[in-house]
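Trainee: Provided herewith is a single structure, encoded as structure tokens, for subsequent inquiry.
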Amino acid sequence: MPEQPIAVAMSGGVDSSVVAAMLVREGRTVVGMTMQLWNQRRLPELAVEGATTGRCCSLDDVYDARRVAEQVGIPYYVVNFEEQFEEHVVKPFVDEYLAGRTPIPCTLCNNYIKFDRFLEMADSVGAYHMATGHYARIRHDEATGRYQLLRAVDDSKDQTYFLFGLTQAQLARTLFPLGELNKPEVRDMARSMDLAVAAKGDSQEICFVPNGDYAAFMSAYLKEKGVAVEETSGEIVTTDGRTLGRHEGVHRFTVGQRKGLGVATGEPLYVISTNPANHQVVVGGNDDLLRGGFTAKDVNWISIAGVEPGAPVRAQVKIRNRHAAAPARLVATSDRDRVEVVFDEAQRAVTPGQGAVFYAGDLVLGGGWIE
């Protein structure tokens, strides 16, 4: 009986290209696929010269992925997920900002597109496993029967923060071949295999937001939809209620932001919170950003079954990707999908809409969304 192929999600970058080449060298049957997610032509006022699609799925990226597939001798397909991407990633991204929260589109994309719709496409080519260029590790715990998610060996490239929504069913079918490698090793492998993308740089920004200007993207997107963004100036106020100035929309601000406030008091000011209902942006000093804890909602447990009432779990908690995980207690609530996070020491800029990911060493216990 022929071996089932492995479907590799190829972005046209170095990491996924090395994954495809590694698997071929191991003698595995591989099929390459690139996901078409967003067409930049829809919003011409934001178009970047020479680009017709989002940064992670531009025509250049498709061309690069196809070249690598031809190099390593595997079938290659482009699959169009633009409709699903807009529904599950772009629209929630816009809605969250308008609601005064700061979203993580990469996590939504992982949950609903890369590890959901893509697996459906893997089924269509007879593949059980999919492989990606993510820096993370998976192992199966024989004692509990659970698939566990672990940090990558290269902590500087670790992407587990964006993977906290993966289910047991998704983890069972996923391979992360780069989890035991560091980025320089991957670059060296790309060069040694003479891959066409060996010298290609890494993408940094949100793939569908040109130049990282999310406020401009939102305005253009809502204009296309015929929705008027509430641009009426609101107040910028201090934590004690003093009005310092006005702004052009709460969706332009996020907790912890310092630049672009347009007001000054002689002391550094930061966004403490936003209130879309009354169009207020609340600002204050650095100490006003400190929080002793928060509630995480829609919690997805990965490496453990959950937190039991009366039995808090110790963990290190990350509240954004570049945050150094902080020691905390996870306390059960009456709702299993919610957890109270109590830090040992107050943390700065706990931001509604961001992810909270719970770690025990390298092990990802689970994660949820900051309320």
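Glycine residues also receive a Cβ, built from the backbone N, Cα and C atoms like all the rest.
Features from Swiss-Prot:
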- ALA9, MET10, SER11, GLY12, GLY13, VAL14, ASP15, SER16, MET35, GLY133: ATP binding site (BINDING)
- CYS109-CYS207: disulfide bond (DISULFID)
- CYS109: active site, nucleophile (ACT_SITE)
- HIS134: site 'Interaction with tRNA' (SITE)
- CYS207: active site, cysteine persulfide intermediate (ACT_SITE)
- GLN354: site 'Interaction with tRNA' (SITE)
Trainee: Does DSSP put ALA9 (ATP binding site) in a helix, in a strand, or in coil?
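Mentor: Where ALA9 (ATP binding site) sits, the three-state DSSP reduction gives strand.
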Trainee: Rounded to a whole number, how many Å is the Cα of HIS134 (site 'Interaction with tRNA') away from the Cα of ALA9 (ATP binding site)?
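Mentor: Answer for this pair: 10 Å between alpha carbons.
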Trainee: Give me the non-local Cβ neighbours of CYS109 (disulfide bond): same chain, 6+ apart in sequence, Cβ-Cβ under 8 Å, ordered along the sequence.
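Mentor: Correct list: LEU37, PHE85, HIS88, VAL89.
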Trainee: Measure from the Cα of CYS207 (disulfide bond) to the Cα of every one of the binding-site residues ALA9, SER11, ASP15, then give the nearest.
Mentor: SER11
Trainee: I'd like the Cβ neighbour count for ALA9 (ATP binding site), meaning other Cβ atoms within 10 Å of its Cβ, all protein chains included.
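Mentor: Excluding its own Cβ, ALA9 (ATP binding site) sees 25 Cβ atoms within 10 Å.
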Trainee: According to DSSP, does HIS134 (site 'Interaction with tRNA') fall in a helix, a strand, or coil?
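Mentor: For HIS134 (site 'Interaction with tRNA') - judged by DSSP and reduced to three states - the answer is coil.
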Trainee: In Å, rounded, how far does the Cα of GLY13 (ATP binding site) sit from the Cα of GLN354 (site 'Interaction with tRNA')?
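Mentor: Approximately 26 Å lies between the Cα of GLY13 (ATP binding site) and that of GLN354 (site 'Interaction with tRNA').
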Trainee: Counting across all protein chains present, how many other Cβ atoms fall within 10 Å of the Cβ of GLY13 (ATP binding site)?
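Mentor: A 10 Å sphere around the Cβ of GLY13 (ATP binding site) contains 20 other Cβ atoms.
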Trainee: Which of the three DSSP states, helix, strand or coil, fits MET35 (ATP binding site)?
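Mentor: Its secondary structure by DSSP: strand.
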Trainee: Have a look around SER11 (ATP binding site) and count the other CB atoms within 10 A of its CB, chains all included.
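Mentor: That number is 23.
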Trainee: Out of ASP15, MET35, HIS134, which has the highest number of nearby Cβ atoms, where nearby means within 10 Å of its Cβ, if these are the recorded positions?
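Mentor: Answer by Cβ density within 10 Å: HIS134.
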